[in-house]
Structures are given as structure tokens and as C-alpha cells.
Ligand SMILES: [Zn+2]
């Protein structure tokens, strides 16, 4: 077992473990510009030897920092804690280096030579203070109908001061208990025509559209945009309101007049896409998650790692309670970093380990303030003053900043890693590299369907692509193989063997691993034996009639194997049926559609306790992540079978009625992505915060033994956890709010590392600031996860009610405290939340929450668990699928056609549309599709000739075919999961599947259209305001 490289971090010119995708060696020939803080080649940041410490320079010590230069907005807090310590921009001379314009505008530049690093970094820093694109928050647009507001002159703040004096109803924070609302909005008076958007039975959707009354259409693209906090429009007059109750049905509201998600996405891409986002400003709101932009870390974690529901926290708990906007961060600690951005630096302090605050244990970061000539530092989180260890001492410059500021990632960057010492290792021992164990269900159906052969054939090539440290020739990950049905078969694949050896364990009650030596091996060494094994497995079980399987013993065997090998790792389990064989964890069919929409519906989502719960704990303790590939042909109790994966940072893939011909490629793509993902093992994470607030709730594929430590057997680049914060004191507008997320994990090479992400937020006494700094996509991620957790414990209907209530409450609080007074018939939405209702409505129509007997219990449970681990990007796409018209494609253009709104009204009979939500993908063909398009794509003369059950486009040699296939593969590439392409013709039966993703329409499974929901929420808001 290699033990070197643990204390000494690899030089930066070499590969860094766990970084996925990062190609080592940023030579001069880099094809793409680097947007990292350090433009030069990556450098080591080893702490200097203590003997080289210089005497403090008297001139620098104790000098008070100069005031912040006046030309900079004093409210803009650069780099979080110590804005005044940045040099004024007009001081390039002190760095002996002229300002280089390519750094000012971040134009692509070849990385400079390493020896000039310090000067270049200074120059880059100067450049970053030039008026960058994102230094001030973009003005929001006032969207109002001029006719409705002939004299309105809204100010940019509105009567926001009222926020502190308001006497809004004191709602309970969303704790998912039975709702006790101060108002009775859910008991709509009988005289009101309005009904619950989720009535039962669901297929009788409310007849509301006809009673909608239109006063004036919203002019969404009115040319006279004014700066305002909110978006106002008139026209959503409700039944029962003065304008609408008795009047005759009037013109239907124009669907174009309600806020459009596709428009919001397009606008943000146009406004902020492609511009470098520099993270040096506290409380800065990043571009939308759908916008493509490069990021330069200058003291706060990139939004790829952390996004927040709002970037301006309310100062007091009362304000937070009043507005009901959840305060949460969505953290994706292992998020992939594009190749043109700098990967995380690894700081190595040798045996000393990372510098931490003595009191709160926060790690050295840009929020630590050095004082007393550099001899001590004050913690930005708990204010404790700490001594600087002698080896870490450095002088302060005339600004009061350490002179090595730009040489140390932990002083100047938002995200970086520390090499961890033995103190951070299990049993204080050097860790072994992780292992991947492939466990294949060889019961009758899997052999017969060809699945076993498919897996074995794929593994031969896939194992050549196990993730390895960049620069390493081969992966350090060990591999092992198990097959099973009612009994388990272990294989000795030691390289010295001519033939693999099989050992059978039939006593599954007390699982053990019958061999140690030769079970977990290096693939390259044992390649010949493994090939031999993979060739033999399909034949070995070809005549097996065994259809019963075990499941829990399989996972137990994996944990035992990792225990014996003293390593962490991942189990890849390929399984197809409910484990009914006599063994621990045996399951019975408990599916019962009659429970849907009753108080007992929650039991469908609850896993069977007992042995499964215990197994999750054992897996987490050992760092054993479980990935489950399911191939069910009927109910398999996903809620229970996926319990261990969903607590160990694993993924669950599900291929219903799997057929090699139509689903094989879909599955193999998932498997390849999964095996090659960048990942960390045996992880434990803590989120520290500055005084006044703290993390209270955690959502994700995680396990928690106590209230603060988030344990993950593994965490990969697609897994995100959502953390909710609560006040425990008053926050200060001046110092803001800081958070530090520290993740201790084992790299794929067996190194123990600490990954640190820091983020600073603003705090405000004005609720208008909070609403202005909200991020709808993050809010939705929070609501999706909290609702998916809530349905484990209470009726789905209650959870939906809470979601509607909270939507109405958040928006009414905005209206009451932040918006310009206006007629009650107008619905007013904060600019940053203007498409919030469409997402909330879509969430309530999602499979777990919709309460439809037409959806399979397993599919609902599967989606519920998937959502729990999703990042902001994934929930956004899931809840607002991308519907792209393909019939007017410009085959010569690189650009993708602009997506259209997810509504039937946007489809056209002669059109062709691609819809995808990260889980499913459809190519919809209108009945009147032009024959030449059909011919080009499918090589048939008309739609009538199309074969059903197609899952891929034929590879035809014409520009349209090539273009459409490249669009599809491009989208697949971007998503964490592969999607099976389903080709549906208009009016064919499978079209029903497609239509459930048109989230602006009334749902087939129950649930209101966007328009109806908006009107419903408006009515709730009005009730709250009266
Ligand atoms: Zn502290």
C-alpha cells in the first residue's frame, strides 16, 4: 500500500486528486483562458520553515489601515470581512508592475511563468477592482402597465422602512407540522367560486379559467421600464373581487402576460452570460444557475459550490419570521469546475496541520483578521483572538494585511483544500485508497434478459477508466466482484492465479467475507484474471433457475469487505427484484394505492426500519457508499431498498421493464458516468457560521448522528445538501454573516483532505434588501427538499397546503412591506421571485407530491429520494423542463434554439419539440410534421411509418439529423444522469407521458395550471392583507 504523498501534497504542476476532469500542467499552450485568482501555474503553498521567519518590519506593524477609497461604494464589502484592507486600485507602482490590461478585462491570456507569480497576482488583483461587470447589483425592472399607473412614480426602495414596524401575522416557521394558520384561507367561503387547486378526485380540475376577469393585460416588455423592486400588473382580478364577481365572463387572460421562466432565463443569460463573475463582494447575487459564466474566486466560494436562498439575511429573527422566506444554503462541495477555471489549491502545513480558531475551530480563511503586527488573529466567526503560530507568522503591510496575502489561498480565496494530518484520519492511521465492489444479481431474469452479460462486457472496458489522480498512470482504486441470487459468490482474482476462484456463502444470516487476499485487487495487475471472470459469469449462471434474491446480506458483505481491507469505497449493486428469499431484510409487497390521498399515504414513502436503518449506520461508519441500479418489472419497495443508498451519498438508478435493446445504452451511460465521477469518501462536513445565526436543518443523501456533523459515506460532484439557518441572535448590517463549510474526506488516492468553502452574506434591517437578493432557483431547491422530507411524516395534502400558504405569505409580506401601494386587484411579485409561483405549482404537481394513483409508488419514492440529493441546477430543470423547438433549426448555427414555455399552447401541429428535465427526454412530433424533416431524421416517408418504442435517432448522413443528434447528446452530456429518449407522435397514447411535463398546464394527475395557481395565490395574498 502506497503511503507516500500523504503528508507532502503533490506540486501543483502535477495532478491533484479528487479534482475530476482537471488536466494537470497548465502549460503555456492552454487552450482556454484560466479565470482563477492565480493566473499562473498552480503553486505549492507549503508553510515556510520556521527558521526562515524574518523580524517584523516596524513600518508595517501596527499601522492603522487607511480608509476605504471613496470612489468605491462604501456599502460594497469586498472579500467579506475586511474590505478596507484591499489596496486602492491606483497603486500599481507599489507592486512594481504595470497594470496589465488583459487582467483588467479578464481577456484570455496565456498563463504567465511561475517565477513572476507574486507580481502577477498583485496585478490581477488590481485588475479585479476595475469596474467589473458585476460590482453593483443589477437594477430590477419595474414592469407595470402604464395605463394602470398613469401617475405612479415608484422609488427604488418603496416603503420598505415599514418592514420594521409592521404588524404582519406572526406565522410559525415552516416546520411541517399540521398547519395552524391564523387565517382561514383554506376554508374558502362557499360563495367563492374558487376551489382547492388539488381537489380530489384530481381529474376533475377546477373550472376556473372562465371566471377569470381581465382588466388589463400585463405589458411584460413595456419599453418604459423603471427601476423598482417589484413587478406589478393588473388583471388577475379574482372571482369574488369587486371587478369580477358579478360581471359577465370577460376576455381570457393572455398567457403571455404572466411571468415567463424561459424569458427570465434568457434575459439573465443575455445580461450576465459570459461575463466573469468575481466573488469579491459580500452578499453579491450570482447570475442564475441556468446562465453560463466563468467564475473567479476572490474570497468567496463560487456559486458552483454554494448558492443561497437570499444573499441578504434579515438582521433579526422577528424579520425572518415575518417574511417566511427560508434562509438556506445549497452546498455542492464537490461541484465540477470547468477546465477554464482554476481547480482548488491544496495548502499543506506539514505536521502542524491547518491553522484553526482555538474556540470555534473555524479554519484559516479570508475572514480572519490579523492584528498586533501579525502576531495574533481575530476569528471572524466567534471573535476569539488567537496567537499566530511561529511558523505561520508574517508581517502586515501598510494596509494591515499580511504581505503573503496573495500567496496563500487560505487568506485570499473562498475555496481551497488543506492536506489533513493523521489527527484527521480514522484511528490516526494513514488511509488506504478506496475500493469499488461490483455486485451483480444473477437471478434467472437478469441472466435471461442479457443484463448480466451486458454488465460483464461493459466492465472490461469501464475498469480501464476508473478515476485516477491526474497525472497518475493508473487508478489507485481497488476492485472486487460478487455475484448473488439467494446465496453470495465471492471471487478470488489475484493476479497470480490462472483462473478466478469462486467461494460461495449460503448462510446469509451472519454475513462474512470468505477471502481477503485476492478479493480486492488492482485492476491493472489482475486484468487477465478479471477478464476471464467477466467472460465466465454469464455462462456460469446460464442454466440457473433461481429467481429469489437477497439484498441486505449483499450490502453487509460489502461493508465487511471494506472493514477487512481497512478502506472506504463504493458498492455498485445491479439488482432487479424484491428480496424475498429468507434472509435479513426480506421484504413483502406492501404497495397499496388505496392509501394515496389518505393520512396513511406517508407510509408508502417510509422505509422499513430495523435492519435497513442499522445497515445505513454501519455503511456510513465504514465509508461505504451504495449505488443501486434497479431493473424492476414490478413493485420492489424502492422506499426501503433505496434507504441505504440515500443515507450513504449513493445514487439510485431505475430502469423499469429493462430491455437490453432499448434501455441498454441508457443504463450503460449512467454506469459510465457514475464510475468516472469525481468523488470523495468517508466524508464528514460541518457548517460554521458567524455569531447570530446557525445551521439547524440539513437535507441530502446524508446521515447525521448529532445535530452538527453531516456524515456522508461518499460525496460526488452531483450531490448537494441543503442547509437551513435560523437566528439565535441579532445580525449586524456592518459585519454581515459568514459561513464556512469544511468537508473532511478521503481522496481516490487515499489522502485525507479538508475542503473549505467560505461565503459572506449581507444582513439588513430592510426586508426589501432580502427580497431583492433572493434566488428563486435556490428557494425552490429548499422547498422541494423540505417538502419531500415532510411527506414522510404527514399527509401529502397538508404539505401542499403549507407550500401554497408559504408562497402566499412570502409574497404578501413583500407587498405589505416593500412594494408601492397599489390596487388590491393587482398581484405584485418581487422581481427576483417573479417566476417563483410557477415553480411552486410545478413542485406540487411533481410525482411525490401530486397524490395520484396513476403513478407507481416506486416511481414516486424514487423521485422523492432523488430530489433530496439534488443541486439547484437539477431542481430547476426538474420543475421547469426545457422545451426546445427543433423544426426551425438553423443547421449551420452553433446556438441552440431558444426554449419555449412548457405549455401545450406553444406546441404546433407542424412542429417538432425536444423536452427534457434531467430525468426524461422526449422528442415530440406534431401530426403535420413536414415529410422532409421526417425523412431526414428517421429515414421514413411519413410519421405513420415510424416504429413505436424507438429510443434513439438513426444515424443518418444529413445535416439535420447530425444537428439534432448533436443537440441531444450535448444535453445528455451536461446532465448528471443519462435520459432515455422517447419519441412521441401527437395524439398517440405515449403522448400522455410527455404532457405531464408541460408544467404550465393543468396536470393530468391533478394540480392547477400556472394561470389558475397564480390567481389562487393572489386570492390568498389578498386574504392575508385584509
Ligand atoms: Zn472562532
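Cβ coordinates come from backbone N, Cα and C, glycine included.
Just so you know, TrEMBL annotations never went through curation; they're auto-generated.
If you check TrEMBL, you get these features:
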- 47-62: compositional bias 'Low complexity' (COMPBIAS)
- 70-81: compositional bias 'Polar residues' (COMPBIAS)
- 354-392: domain 'Zinc finger Sec23/Sec24-type' (DOMAIN)
- 432-675: domain 'Sec23/Sec24 trunk' (DOMAIN)
- 680-764: domain 'Sec23/Sec24 beta-sandwich' (DOMAIN)
- 776-875: domain 'Sec23/Sec24 helical' (DOMAIN)
- 896-967: domain 'Gelsolin-like' (DOMAIN)
- 39-98: region 'Disordered' (REGION)
- 148-169: region 'Disordered' (REGION)
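Helix, strand and coil counts from DSSP across the domain 'Sec23/Sec24 beta-sandwich' (680-764) read 0 helix, 55 strand, 30 coil. Between the domain 'Zinc finger Sec23/Sec24-type' (354-392) and the stretches 432-675, 680-764, 896-967, the greatest number of Cβ pairs separated by less than 8 Å involves 680-764. By number of Cβ pairs under 8 Å, the domain 'Gelsolin-like' (896-967) is matched best by 432-675 from the list 432-675, 680-764, 776-875. Averaged over the domain 'Sec23/Sec24 beta-sandwich' (680-764), the predicted model reaches a pLDDT of 96. Shown for the domain 'Sec23/Sec24 helical' (776-875): DSSP residue counts in helix, strand and coil, namely 69 helix, 4 strand, 27 coil.
Counted with DSSP, the domain 'Gelsolin-like' (896-967) comes out as 23 helix, 11 strand, 38 coil. Shown for the domain 'Zinc finger Sec23/Sec24-type' (354-392): DSSP residue counts in helix, strand and coil, namely 6 helix, 11 strand, 22 coil.
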